[in-house]
């Protein structure tokens, strides 16, 4: 018992070892000896086209390269003896030329044998058959006659072909016959009718068979079907019709419950092979046409693998499994009943591998095992062969034995290599597997390329290969950066020695080494892993709704690893974008211009790198106005109404919100469409109320979010009969336009409202509250009538009624109005004014009698104005102010009066016509009030502890001033206020000196003026006392340097030009003693000081171009000592762009000017003589013709003579025509002294008295001989020498 147990354990250990060898078997490198291996072969069932050569593939590898031979039908096939057969070099592939030969001669079962000195490998048995497309046998098909309502089967029965043909039914015009739930084609190609109709009468039911290999189509003879309605035929006609035709059906043709035509009966069986496609079919007879449904008995249909075809009559199940076997119920049902059929499905299986035999590489003395496990239904038979010979017939090998269908090899020796074949077969097929056993001793080698770089994306799986070979089988060890890698959670080492990192992170990047070891040596290989950042779309395309002809833009911005370069692909509905210039693909976007309807769809952005990709999609919906409604119909037509019905057009992806119905009245307003009514977007009909005597045409428009559709086509015209008017004119008004007339106006009726021909308006009127008959007249085509000779402002009753040829309209409403108004005739009396205070007065008066108003009293107008101030004489009287008091008011208040002033006032009544006479003027005075604020409050420094406060009296005294109230208080450094002091001052004082104040302190002052009524508004101002230098510890200051910067100065800025600089600063101290000091940089000259005179900016003139200066702003005390100073600024004056020579100091210029002056003097004498003789000279004519009415004074900045100009009266030189912009204009005369003098630019630079009068040349371009920024006019030239 123990011995048996020991052997069992030993056998288990051997099996485990051998299984390990089998699992880890590797391909032998081709440079090592090895038996043959089949690498490519033709399919087992090879159907050939008889018009082409036969090519039977057989390729194999081995070392040495194998030789090839063939068998056909189990016997040796000698290809060399047949001239039609060629075997390709270094290959076993046969090429058989069958031209001129019968293909049948080469049909059969072929098998390829590849052999070398280490063994022989076999191909599958390859069955060669030629494709066949035989013709239909000749037959005469009699017409088929069938009773209406009966079922019918038209048989196709095509000739047997190889492979089987594809069947379809067509007519004589090669058009497919329509099929539906009533008429359909069965799986065998027959055409089934569940019931026939009279429409099935035809003589061209033709069955076609298409043979795919030969691409030929065979046609059956046409079948004629005659359908009879026996109930409508007598016996004689029926007999004649049936003569010479087959009559199909002998059962009643009326309605009936379903019965099964295919398969017949209640039960049938179907067999299918595992992995194939199962098709079950049920076709039922019945009237009405039955509906077919499917279910599986005791189970569900396989999810995702079943589908229905041929109008539910065929159930299709793909990739059949054992679980698909069982009973399937087919149910046929119509309103008369139901019937079912059970189909039992039996699943069989051709052999399939569970474990196919694998190659074995063994070292001498090693052991191994070949396994061959297959299954099928029925279970297949497994047999072994060695080098193509059944193992039982092969030579005996003591190292080989068979146990449980497996071949166990032990203690193998060199030279025992061979190829083993395993064959598993049953009645449905076979499997043939080759596996060689190669016995050799080989040190390890790594087949993976050295220094290979693997790149993966973060968080993805990384697989590092270490494909190796050796015999004995090498052991693989992995290292990372010199550290051993162990199989565990972080790393997984597969059976094929691949190292897997399940979730790769950047920390896993680096160098990996695999070492292959066996008893014959070691071999190592290095690979590298780079873990990259993933590609992610950050900004995905978004759903877009775009109007047609608009623009759609999709964004697709991506983040990616910097070493990867993603490409971008855009797809529309998973297809490439259309080849259209409207599609613009940017670096991160897709823009579609001029969007069309067919652009609608799903747009996908794919960002690809060599390692990964990311994608995002968005829909584009194209919307536009709806298509116009169509098919307008008028129903339910009545005297005054009709129902309009229409069919909506396409919504174009935007739901219709409403329908707008319009009409055209071709009788009264042809061509004008008027909105009639609106209905909801879900309605397709509307009840329309109509008016008499209108020729209606209707149209409908649809509205969605985009807008209105185009109008529909108009409906047919609908005319309504005339009738008397249903409404009278509206908006009737009675207006008094003059004192002796009444104007009656109304809105005329439209043609739609007239209701008939001959429309007129009956206008009636009478005086109200007077026993008087109505006065009437009829008018046509007018909208007003004037009644004359009426009393002033008298009430009248008026009616306007519509009348046409069919009668009057309804009784009109009476409208009340008045004749025209006239101006009031009496002025208000007893006007009184009551002064309330210095700004407010109350006025009252007696109302005028209503009889004198001559109209409707609208109110009273009170006019008042200030005559003068009681304190001073006003320069001119104020304009009158006017207050309006509505209706019957007889008193009111006057606001905003000036205190201590005299006013005038009058009152008048007014009505719709205008104002009546004015009352007599009333003069009143306002009392004194509080004064206005004092004017021009100033605070000035006096010395260390004194300030002078100055002001001016108020502009508005509003009475007699009684004095001033002055308050002041100090402000400390935190802006908090100190104790407040008050002083009362006399009315005639306008300044005060405050002594004994605290030095270096800011004070705030408050000042009010006062009258007997009190103090007026307060004005405020601040002042600062001067700092006491005795209390300041001044540091020693070197000569020429300013003291340290004080806190009184803020920021200092400068701007520099060619000859001057502008300095600006911030300063919080008094302005009386502020100076600007400057000196040339790096010079020992004393600082130049210039007084500022109370401003915050100053211009330093006379600076030399190209020189640098130090500048500062200082504040000094009364002893002229510097108290505060700014930081020193370093400024540089830019150099002149061109050096200008002061020609005024040149001798030649002085001589030239003297000559010119002498010439001018001579000319003046000549002119004076000619003038005394009454003659004129050109300059005089110019002056007479061009007198300048506005002679501008010459100032320093606009071309004047600088310090020589008269600043008092600015009188110009006689005859000067210098414009205000400093340029000299050319007069009409060209006769001037410039033309005769030397120097064409006319720049007279010393005696400027004649420049304005005789300058005839226009100002020239500044670039012409003078690069200065000033214009080269004579005036500017003179300025440069002043």
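Here, residue 1 is simply the first one shown, and the rest follow in order.
Cβ coordinates come from backbone N, Cα and C, glycine included.
Per TrEMBL, compositional bias 'Polar residues' is recorded for 712-723, 1265-1282. The compositional bias 'Basic and acidic residues' annotation in TrEMBL covers 1178-1198. What TrEMBL lists as domain 'Ig-like' is 36-123, 134-224, 258-348, 351-438, 444-530, 534-621. Annotated domain 'Fibronectin type-III' per TrEMBL: 628-723, 728-822, 827-929, 933-1029, 1043-1135, in sequence order. As annotated by TrEMBL, region 'Disordered' applies to 710-735, 1178-1282. Feature annotation from TrEMBL assigns signal peptide to 1-25. The transmembrane segment annotation in TrEMBL covers 1148-1169.
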**Q.** Residues of the domain 'Fibronectin type-III' (628-723) by DSSP state, where helix covers H, G and I
**A.** 0 helix, 50 strand, 46 coil
Q) Against which stretches of its own chain does the compositional bias 'Polar residues' (712-723) lie, if we need a Cβ under 8 Å and a gap of at least six residues from its ends? A) 628-630, 632-634, 637, 639-640, 642, 644, 646, 664, 666, 690-701, 755-757, 804-806
(Q) At a Cβ cut-off of 8 Å, and with pairs 6 or more apart in sequence only, do we get at least 3 pairs between the domain 'Ig-like' (36-123) and the domain 'Fibronectin type-III' (827-929), yes or no? (A) no
Q.
Considering every residue in the domain 'Ig-like' (351-438), what is the mean pLDDT value?
A. 92
Q. Which of 134-224, 444-530, 728-822, 933-1029 has the most Cβ pairs closer than 8 Å to the domain 'Fibronectin type-III' (1043-1135)?
A. 933-1029
